[in-house]
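Asker: First the structure, then my questions, so here it is.
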Amino acid sequence: MKIAVLLSGGVDSSYSAYNLKEQGHELVGIYLKLHASEKKHDLYIKNAQKACEFLGIPLEVLDFQKDFKSVVYDAFISAYEEGQTPNPCALCNPLMKFGLALDHALKLGCEKIATGHYARIEENDKVSYIREALDKTKDQSYFLYALEHEVIAKLVFPLGDLLKKDIKPLALNAMPFLGTLETYKESQEICFVEKSYIDTLKKHVEVEKEGVVKNLQGKIIGTHKGYMQYTIGKRKGFNIKGALEPHFVVRIDAKKNELVVGKKEDLATHFLKAKNKSLMKDFKSGEYFIKARYRSMPTKAFVSLKDEMIEVELKEPFYGVAKGQALVVYKDDIVLGGGVIV
């Protein structure tokens with residue numbers, strides 16, 4: 001089978017390509033220029049070229065920087081301006097890696113596209129679904145919730161059945177040159193954020209804009225440095241007059257540049273709503289597991305789909321729900337779909 005492999009210049013994607021080559025597939029390497037400096041791209045392209053030379057496969061470099069800026073980066077900035085906490089990875093995957101890059105791979109005659117994502121593919125009744133990775137500590141299924149089933153059927157995740165701790169020694173044994181590759185230290189959460197998201201925002205919008213902090217009764221009790229510097233659940237960075245106990249951000253009013261704070265129990269919610277992105281129209285209401293944050297544990301809930309809105313009633317309270325984050329619905333370890341929390 002002819003498969004395109006997205007190569008980042010790192011160990012995971014290189015070892016993914018190695019595994020597929022060992023299985024006898026015909027491969028085409030693809031490096032995506034989405035963001036970052038030309039200096040970084042030059043280094044990572046050089047790394048990807050070394051992997052391709054080792055495997056005896058061609059490498060193509062695709063420049064999608066303009067597309068990435070318009071559909072992912074600018075949306076990230078806008079969401080924070082609106083007082084939300086966006087999830088750019090969940091937007092990038094369907095639009096860039098498994099959108100534009102997949103389209104290009106198909107034009108090259110490839111049947112599928114592979115990446116180093118930690119996730120698996122499951123087929124039920126001839127429909128392809130995203131499934132959690134074997135290594136739950138590295139699972140990335142949450143970020144893949146918005147993919148259409150027709151797209152999922154064209155994906156390959158060679159690392160999905162492996163543990164992260166095992167991959168580096170396996171990769172170095174198979175491809176010794178990987179141990180000599182230079183890399184840059186990247187953000188663990190958002191790939192285009194080098195230091196903090198606030199530093200990224202400062203390049204485009206006024207972040208240092210002092211405002212007031214109110215309690216749940218509407219009384220002004222302190223000040224903050226600018227609403228975009230806070231997310232739901234944050235407990236530091238603002239001044240509360242005479243505070244004797246911790247206060248947490250429970251609401252952000254972007255238009256008024258105000259924060260509303262309360263106690264930890266005030267963060268609790270039993271009900272969530274999200275604008276549907278990928279739950280199928282014939283979705284049956286019932287009890288499922290949900291995630292409302294990447295690092296959160298799956299939580300049992302009653303989930304229903306009404307007029308393009310996903311409604312969730314939680315068995316146990318969820319703390320710190322932020323607008324703009326992804327709400328992902330699971331049946332056991334299978335992703336059924338999800339949406340954006342409103």
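Glycine is treated like the rest: Cβ placed from N, Cα and C.
What Swiss-Prot records for this protein is below:
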type	residues	note
BINDING	LEU6, LEU7, SER8, GLY9, GLY10, VAL11, ASP12, SER13, LEU32, GLY116	ATP binding site
ACT_SITE	CYS92	active site, nucleophile
DISULFID	CYS92-CYS191	disulfide bond
SITE	HIS117	site 'Interaction with tRNA'
ACT_SITE	CYS191	active site, cysteine persulfide intermediate
SITE	GLN325	site 'Interaction with tRNA'
Asker: How many neighbouring Cβ atoms, not counting its own, are there within 10 Å of the Cβ of GLY10 (ATP binding site)?
Answerer: 18
Asker: For SER8 (ATP binding site) and GLN325 (site 'Interaction with tRNA'), determine the Cα separation and express it in whole Å.
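Answerer: Checking the Cα atoms of SER8 (ATP binding site) and GLN325 (site 'Interaction with tRNA') gives a distance of 25 Å.
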Asker: For LEU6 (ATP binding site), which residues of its chain lie six or more apart in sequence with Cβ-Cβ distance below 8 Å?
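Answerer: Listed in sequence order: SER13, ILE30, TYR31, LEU32, LYS97, ALA101, ILE113, ALA114, THR115, GLY116.
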Asker: Starting from HIS117 (site 'Interaction with tRNA'), work out which of the recorded positions listed here (GLY10, ASP12, CYS92) have their Cα within 10 Å, and give them in sequence order.
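Answerer: Within 10 Å of HIS117 (site 'Interaction with tRNA'): ASP12.
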Asker: Which of the listed recorded positions (SER8, GLN325) has the least company, meaning the fewest other Cβ atoms within 10 Å of its Cβ?
Answerer: SER8
Asker: Would you mind ranking the recorded positions LEU32, CYS92, CYS191 by how many other Cβ atoms sit within 10 Å of each Cβ and giving me the lowest?
Answerer: CYS191
Asker: Counting across all protein chains shown, how many other Cβ atoms sit within 10 Å of the Cβ of ASP12 (ATP binding site)?
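Answerer: Other Cβ atoms within 10 Å of ASP12 (ATP binding site): 20.
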Asker: Whole-number answer please: how many Å between the C-alpha atoms of the residue listed as 'active site, nucleophile' and ASP12 (ATP binding site)?
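Answerer: That comes out at 19 Å between the alpha carbons.
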